[in-house]
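To keep things clear, I will list the structure first and then write my remarks on it.
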Amino acid sequence: MNTVRVTFLLVFVLAVSLGQADKDENRMEMQEKTEQGKSYLDFAENLLLQKLEELEAKLLEEDSEESRNSRQKRCIGEGVPCDENDPRCCSGLVCLKPTLHGIWYKSYYCYKKWSA
């Protein structure tokens, strides 16, 4: 019975000491991995930041190249009064004097072009 206790005590001491060593090793490995993970995250963050800056630069470049004159100015839609001398009807519309039902109105209106 005494040998069983000694054997059990010896196995217990070995298990605790080896387990403690493994625990310290595991702690060291985890520390190294978290440091590597942080460096990887920093690298990924910097890479993403560079890509976003490039994209932003491209977008700003496109905006600066766009001329204000290249865009169509605000136009007047169909059936809306327009100025005879300065028609701003949208493309496909013409500033004409109303016929029939609109003759009592005093101004011109934007109408679709007639295709003959």
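Residue 1 is the first one shown; counting continues down the chain.
Every residue gets a Cβ built from N, Cα and C, even glycine.
Swiss-Prot lists 1-21 with the feature signal peptide, giving sequence analysis as the kind of evidence.
Positions annotated as region 'Disordered' by Swiss-Prot: 61-83.
In this structure, CYS90 (disulfide bond) belongs to neither helix nor strand by DSSP; it is coil. Counting only residues at least six positions away in the same chain, the Cβ atoms of CYS75, ILE76, GLY77, GLU78, CYS110 sit under 8 Å from the Cβ of CYS90 (disulfide bond). Residues or ranges marked as disulfide bond by Swiss-Prot: CYS75-CYS90 (among others).
Residues or ranges marked as disulfide bond by Swiss-Prot on the basis of similarity to another entry: CYS82-CYS95 (among others). Neighbour count (other Cβ atoms within 10 Å of the Cβ, all protein chains): 21 for CYS82 (disulfide bond).
The disulfide bond annotation in Swiss-Prot covers CYS89-CYS110 (among others) and is backed by similarity to another entry. The local packing around CYS110 (disulfide bond), expressed as other Cβ atoms within 10 Å of its Cβ over all shown chains, amounts to 21.
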Practice task
State the Cα to Cα distance, in Å, between CYS95 (disulfide bond) and CYS89 (disulfide bond), rounded to an integer.
Solution key: 7
Fill in the blank from the handout: When each of the disulfide-bonded residues CYS75, CYS89, CYS95 is scored by other CB atoms within 10 A, the minimum falls on CYS75
